[in-house]
Amino acid sequence: MTTAAPETLSSFPMDKFATASQQLPVRMNTSEKVKTYLSNVNWMLIFGVTMWYAVNCTYVVQQKIFLNAVPLHWTLSGCQMIVGAFFCIGCWLTRWRPMPKFTNVKKAMIVFIPLGFCHLVVHYGAVISMGFGAVSFTQVIKSGEPVVTAVLSMIFLREFMSVWAYMALSVVVVGVGLSSFKEMNFNIWAFAFAMISNFGSSTRSILAKVTMKKKDEIGENLTAPNIYMILTVVSAVFSVPLVLGTESYKWKSVWLASTANMTGSEKALLLFHACSSAVCYYIYNDFAFYCLGQMNQVTHSVTNTMKRVLVIVASIIIFRNPVTPLGYLGMCMAIVGALLYSLIKQGVFTRKSQPAEKSTSEQLKSAETV
């Protein structure tokens with residue numbers, strides 16, 4: 001019978017005698033936790049969202065102030081497009097953004113000219129609508145754009161969605177209808193041009209979905225921000241004859257009548273409102289695309305919805321347009337319905353682990369927040 005050799009000191013598991021402070025995980029104090037949290041925060045994204053919200057609200061307010069004083073809706077829309085086009089060209093020339101290169105110019109023209117015209121319709125419709133009516137009213141009508149897209153997709157693409165998506169869209173329809181019916185200063189032109197903008201956006205999405213499937217055959221550097229910039233330049237070219245044909249004949253008479261009782265400084269301030277809205281038009285869209293690239297689809301949908309709410313609240317406070325309780329209810333229904341539709345479409349309420357990557361058409365629609 002053999003006896004086991006006694007354990008030597010070197011073979012004895014000394015970690016059994018480790019102190020409690022050595023065995024337990026190190027606990028960070030409050031200041032270390034704060035430092036760790038702050039180091040993990042994406043401050044550039046927070047800055048981008050803040051600027052997106054702030055510049056978008058500034059754009060809407062400056063635009064509305066000018067249009068309330070000088071009703072040249074088409075002219076202001078065109079100026080915003082042209083200024084935006086100069087910004088785009090400047091970004092390409094300075095290599096701030098990679099310049100798109102077209103390997104097939106003919107195919108590029110076939111794709112981008114119709115898309116550029118739709119882009120023009122989207123912008124002009126929204127600006128003219130806000131010129132005729134309340135900003136909050138236009139924003140609510142614009143939230144109904146998914147309804148138009150769903151209808152056109154069924155007709156032209158034979159695409160159908162789940163019953164839950166259509167139920168969310170029905171909430172949007174009821175909300176838009178209630179807001180329109182209870183709008184105290186309802187203007188048929190404001191409603192009509194907002195709907196025209198929706199049709200332009202939906203048509204652009206469908207055309208992009210059909211024509212942008214093989215972007216590599218068209219050229220290089222055709223990212224979503226670059227495509228948006230191309231459409232802005234094309235729209236600016238369309239804007240020149242459009243503005244000259246619609247309002248150039250009354251520029252002088254409208255300006256003189258609108259500024260007859262203004263001082264020189266007041267006239268200069270009015271022009272500043274117009275110019276700042278044109279500059280803000282490009283800048284807020286650029287920040288929107290930056291945020292889109294840094295977020296997942298769900299976060300961007302929620303952030304975009306909150307942006308629309310902020311614009312509505314800011315416009316109601318600044319311009320003091322009266323809204324009835326049922327009007328507020330309609331606004332809430334339209335916005336919440338649009339958010340639910342977006343989340344349902346992305347598969348948030350299903351077992352899909354990760355939503356599919358957004359197509360070019362969806363990115364253009366998501367980033368544009370008129």
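Keep in mind that glycine also has a Cβ here, set from the backbone N, Cα and C atoms.
Lifted from TrEMBL, the feature list:
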type     : residues : note
TRANSMEM : 37-55    : transmembrane segment
DOMAIN   : 49-342   : domain 'Sugar phosphate transporter'
TRANSMEM : 75-96    : transmembrane segment
TRANSMEM : 108-141  : transmembrane segment
TRANSMEM : 161-181  : transmembrane segment
TRANSMEM : 188-207  : transmembrane segment
TRANSMEM : 227-246  : transmembrane segment
TRANSMEM : 267-284  : transmembrane segment
TRANSMEM : 326-344  : transmembrane segment
Tell me if the transmembrane segment (227-246) touches the transmembrane segment (326-344). I count contact as 3 or more CB pairs below 8 A, with pairs 6 or more residues apart.
no
Considering pairs 6 or more residues apart, do the transmembrane segment (188-207) and the transmembrane segment (108-141) have at least three CB pairs under 8 Å?
yes
Criterion met for the transmembrane segment (108-141) and the transmembrane segment (227-246) (at least three Cβ pairs under 8 Å):
yes
Can you name the far-off residues of the same chain, 6+ from the ends of the transmembrane segment (227-246), with a Cβ under 8 Å from a Cβ of it?
74-75, 77-79, 81-82, 84-85, 88-89, 91-92, 97, 100, 112-113, 115-117, 119-120, 123, 208, 212, 282, 285, 289, 360, 364, 367-368
For the domain 'Sugar phosphate transporter' (49-342), what is the mean per-residue pLDDT, to the nearest integer?
91
